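To start, the structure itself, in C-alpha cells.
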Amino acid sequence: MHNYYKIVLIMVAFFAVIITFSNIQVEGAVCNLKRCQLSCRSLGLLGKCIGDKCECVKHGK
C-alpha cells in the first residue's frame, strides 16, 4: 500500500510540472504551437514553430 501512495505522488508531481510548463509562454512569440501542430497534422506532417513562423516538416527530421 505504501508503494501505491508513492506512485500517486509521483504522478501528481509529474502532471503539476507539465501543466506549469505548458502555461509558460515566450514573450513576443507570434507562432501558436498548438495551432501550428494541428494544421500540419492534417497534412500528415509535424508542425514546428521556427521564430515567428509555423513550418510543416516530415516526421523524423
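Heads up, residue numbers simply count up from 1 along the chain you see.
Backbone N, Cα and C define each Cβ position, glycine as well.
Swiss-Prot assigns the feature region '[R/K]XCQ motif' to residues 34-37, out of the candidate ranges 34-37, 50-53, 58-61.
Note: Swiss-Prot links Cys56 through a disulfide bond to Cys40 (candidates: Cys40, Cys49). For His59 (histidine amide), applying a Cβ distance below 8 Å and a minimum sequence separation of six or more within one chain yields Leu45, Leu46. In this structure the alpha carbons, written CA, of Cys56 (disulfide bond) and Cys31 (disulfide bond) are 13 Å apart. The Cβ of Cys54 (disulfide bond) lies under 8 Å from the Cβ of Cys31, Asn32, Arg35, Cys36, Ser39, Cys40, Gly47, Lys48, each of these being in the same chain and 6 or more residues away along the sequence.
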